[in-house]
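S.K.: One structure is given below, represented as structure tokens, and several questions about it will come after.
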Amino acid sequence: MITPRINLLDFDADQMAAYVAGLNEKPFRAKQLMQWIHQRGVSNINEMSDLAKSFRANLIDKAEIAPLPVIKDELANDGTRKWLLDVGAGNAVESVFIPEDDRGTLCISSQAGCAVNCRFCSTGHQGFSRNLTSGEIIGQLWFAEHLLRNEPGAVRRIETYPTPGWEHTGRVISNVVMMGMGEPLLNYDNVVSALRLMLDDRAYGLSRRRVTVSTSGVVPMIDRLAQDCPVALAVSLHAPNDALRDQLVPLNQKYPLRELLAACERYLPFAPRDFLTFEYCMLDGVNDSDVQAKELVRLLANIKCKINLIPFNPFPESGLKRSPPQRVQAFANILLDSGMVATVRKTRGDDIAAACGQLAGDVIDRTRVRERAVHDNEIIQPITWLNRLDD
Ligand code: SAH
Ligand code: SF4
């Protein structure tokens, strides 16, 4: 029987050290491997020239560097780029890169589908397929980072001593947001293992304030994240009271607002900045009235936060509509007039459907071609909701 190869992308630094020790190799070999894989983007073990030949041969036998296969690679007019990735069994997830003048944000997925089933989310409507492994999560960053780096006009390698550096001439990933498909805190161990690699200087070396976990409110895991890996936290709120949030985000029935906000307050001392972000998806006639804006002000009065108003990205099965821009502005004004920090997220990648779950939904749903044509051409004006999180 052939034993499946270990995916070296699955290991954070400690796990790599343990693996290398198990192969009777010296500890510094683990560091070398981390650098070859994550810093230099090498997937061919034979190219790892400073590893002993016998070690390489042993590794080739047992291990591999295996990111998710790419099904589709799309580039929007504004530079937003989206990859659809195959996770097997007819399922797919997506990663989206959003370049801006002063940063490049990669949005990555944590699960194939999602069990939380929020009313307004097309990933939720697809149901839950499976958790991604930590290798499949960090593999999204590994793939995008090295692909973009090696593209002409992106960044240029400079041979500085003692370590070579990168001159940023164009696109490069400076921020990661876990806002793709899935609920990251329901795949906790694998997500934390991937987050550790994002922060690790031997891998991607991102600062904690440039890595954001977005959650629908898995209260016990918010507390664990504060201890294990306190990156920036964005909480998907979407309603100013339990009655409405119970309907929009069913997880609220398990962890109601009082408990969720208490967990947010407990997280704040660990957060990389002195505020949290609340996401609020603007749904026409559902959660966008003046009364609800005032209720939101009261709800969040005692917590240091920024509120990100997200224009709803409609999809046919939702039966919901995007709030008109004037309504979003009026809602924002009430928050701003009461001294809160609020922003309206701008749309990106409109021409390539760069939105959570939309493209993956198309692939899964191969049979519904007619409906999809309507979805692509008439109804959907897709957006992403990823930019400027750390403003
Ligand atoms: N499961 C996590 C992270 C993934 S969803 C969470 O819910 O936070 C990322 C963000 O996109 C969340 O704030 C979510 O509420 C929002 N979102 C999902 N579907 C959307 C849609 N159709 N239009 C606008 N925002 C949406
Ligand atoms: Fe899951 Fe987040 Fe979508 Fe809700 S919004 S169904 S938690 S991915």
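Placement of Cβ uses the backbone N, Cα and C atoms for every residue, glycine included.
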S.K.: Based on TrEMBL, name the residue from S193, S214, S323 that is recorded for the same S-adenosyl-L-methionine site as G182, E183, S236, L237, H238, N313.
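M.R.: According to TrEMBL, the candidate sharing the S-adenosyl-L-methionine site with G182, E183, S236, L237, H238, N313 is S214.
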S.K.: Spatially, and counting Cα to Cα, which of the binding-site residues is closest to C121 ([4Fe-4S] cluster binding site)? Options: E183, S236, L237, H238, N313.
M.R.: N313
S.K.: Around ligand 1, within a Cβ distance of under 6 Å, which of the recorded positions E94, C121, E183, S236, L237 show up?
M.R.: C121, E183, S236
S.K.: Taking all residues of the domain 'Radical SAM core' (100-351) together, what is their mean pLDDT?
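M.R.: Here the mean pLDDT over the domain 'Radical SAM core' (100-351) amounts to 92.
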S.K.: Among C114, C118, C121, E183, S214, L237, which binding-site residues lie by ligand 2, judged by Cβ under 6 Å to any atom?
M.R.: C114, C118, C121, E183
S.K.: What recorded positions among E94, C114, C118 are found with a C-alpha within 10 angstroms of that of E183 (S-adenosyl-L-methionine binding site)?
M.R.: C114
